[in-house]
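Record features, source TrEMBL:
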| type | residues | note |
| --- | --- | --- |
| DOMAIN | 269-476 | domain 'Membrane transport protein MMPL' |
| TRANSMEM | 21-45 | transmembrane segment |
| TRANSMEM | 51-72 | transmembrane segment |
| TRANSMEM | 112-129 | transmembrane segment |
| TRANSMEM | 318-334 | transmembrane segment |
| TRANSMEM | 339-357 | transmembrane segment |
| TRANSMEM | 363-386 | transmembrane segment |
| TRANSMEM | 407-432 | transmembrane segment |
| TRANSMEM | 444-467 | transmembrane segment |
Amino acid sequence: EMCIRDSGKSAEEAARSSFTGVLVPGTLALVTALVSFVTLLLIPIPMVRELAITASLGVAYKIVTNLVMLPLMASLLRVDDKYAAAQEVSRQRRSRWLRGLARLAAPRKAQWVLGAALAVFLAAIWQSHDRVVGTLQAGAPELREDSRFNRDAVSIASNYDIGLDWLSVVFEVDKAPSEVACEDVALGQYQDRFVWAMQGVPGVLSVASFSTTMRQFNEGYNEGNPKMAAVPIDPMNYAALATEVARTPGLMRTDCSMSAVHLYLADHKATTINRVVDAAKAFRSEYPMSGISIRLASGNAGVLAAINEEVEKSETPMLLYVYAAIALLVFVVYRDLRAVLVCCLPLTIGTFIGYWFMKELQIGLTIATLPVMVLAVGIGVDYAFYIYNRLQLHLAHGQTITKAVEYALLEVGVATIFTAITLAVGVATWAFSELKFQADMGKLLAFMFVVNMVMAMTVLPAFAVWLERAFPRKRPVRMIGALVH
């Protein structure tokens with residue numbers, strides 16, 4: 001910006017001018033990024049909250065380093081006339097295609113740009129309905145599908161009636177410990193019905209439970225008679241077998257107050273876990289039994305199910321909080337509702353395009369990718385701040401909206417594109433990581449950085465021009481305080 005806006009000035013004068021020029025949009029950009037990370041604290045998952053705290057501190061330090069220390073260091077630069085002249089030539093060369101880009105905001109072309117953006121937006125909304133919360137591959141989600149561990153996991157689940165993923169359902173007797181009787185056959189029979197129902201759910205390889213073990217014990221104590229492979233209905237016989245089963249770890253408490261059903265799954269894909277959890281909840285609601293509660297769930301698949309539920313529940317509120325913070329900050333600074341619309345609309349389109357991208361690349365919404373989407377909103381709006389801030393300045397100086405758009409893109413267009421490419425290239429290298437979740441984060445972040453930049457460079461100017469023509473201002477634009485530079 002020093003070279004573009006302040007050619008002919010000394011390094012110190014250019015640094016001062018640049019500092020005042022980026023103070024407001026730069027502060028807005030970093031504060032929105034900070035807010036986006038703070039909202040992650042709403043997710044009751046310790047790992048995500050630790051990430052939120054660490055990232056928030058990093059962004060807070062950026063306010064000092066980028067907005068204060070960088071201009072101070074730039075003021076110490078010594079630029080000779082030859083270098084300044086070369087930069088001026090480069091600026092003139094870049095201005096040609098930037099003016100071509102600005103022509104997309106001409107009134108007639110702006111309508112076509114907005115029409116295309118609306119079509120893409122509607123398509124992205126339609127496609128994003130099918131996105132999945134959770135992992136979409138078998139085996140460990142941290143590793144790639146072709147890793148040794150994941151290939152072994154698939155082989156074990158395919159060739160044996162047991163998998164590496166299990167979901168445990170707990171049956172709890174709603175009585176005081178002194179009132180629980182191990183002779184009560186209702187628990188065993190009720191659990192047996194549950195096991196029978198869950199065995200037919202696709203994705204369930206096998207079931208190990210208190211009731212199935214009692215069946216085996218009853219058959220064994222009756223000379224292997226297959227007719228006796230059932231839960232006893234005689235209270236005394238039931239109590240005796242319950243005592244034996246309680247010695248097996250992980251199936252029943254010694255006081256018979258709690259027992260478990262372990263469902264071994266083919267994988268822990270989100271679709272598999274959701275199907276099994278939905279079946280368990282359906283049984284619980286359709287066949288309730290007084291005095292017995294079915295509680296979900298433990299095991300690694302149970303933990304993943306709980307995480308997926310929290311991620312799904314937290315996604316919309318967090319994004320709404322971030323958008324609300326952006327809208328509030330923009331309105332407070334510019335005191336104009338159209339500024340809120342112009343800054344937020346391209347960002348919204350970019351967010352739904354990101355969901356579409358996740359669906360096409362089979363990237364599930366997890367505790368790794370949810371922060372990426374929130375961060376993409378917080379950082380993606382930065383481009384809009386820089387462009388709109390310059391746009392408002394030129395409108396305040398009496399320029400028409402089309403000329404204001406042209407001058408704004410000439411001044412900050414290259415910086416916006418360069419920033420997006422720099423950010424995207426930096427995280428795109430994660431795509432080569434052996435850790436799948438890191439590769440997914442890298443691809444998604446890089447895509448979101450570029451998409452939000454494209455939206456800011458095309459849709460934002462077109463929308464600003466359309467708003468000016470559709471709803472003319474009743475009063476001229478006036479820049480206040482630190483916005484004037």
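Numbers run from 1 along the shown chain.
A Cβ is built for glycine as well, from the same backbone N, Cα and C atoms used for every other residue.
Two recorded stretches are said to be in contact when at least 3 C-beta pairs lie under 8 angstroms, sequence spacing 6 or more; the transmembrane segment (318-334) and the transmembrane segment (112-129) fall short of this definition. The transmembrane segment (444-467) makes contact with the transmembrane segment (363-386): 3 or more of their CB pairs lie within 8 A, with pairs spaced 6 or more apart in sequence. Below 8 angstroms of C-beta separation, residues 1, 5, 51-53, 55-56, 59-60, 62-63, 66-67, 307, 310-311, 314, 317-318, 321-322, 325-326, 329-330, 333, 367, 370-371, 374-375, 377-379, 381-382, 385-386, 388-389, 482-483, 485 of the same chain, each at least six residues beyond the ends of the transmembrane segment (21-45), sit close to that stretch. Residues 22, 25, 28-29, 32-37, 39-40, 43, 45, 47-48, 51-52, 55, 131-136, 141, 270, 307-308, 311-312, 314-315, 318-319, 322-323, 326, 330, 342-344, 346-347, 350-351, 354-355, 357, 412, 415-416, 419-420, 423, 437-438, 440-441, 443-445, 448-449, 451-453, 455-457, 460 of the same chain, all 6+ positions outside the transmembrane segment (363-386), place their C-beta atoms under 8 angstroms from a C-beta of that stretch.
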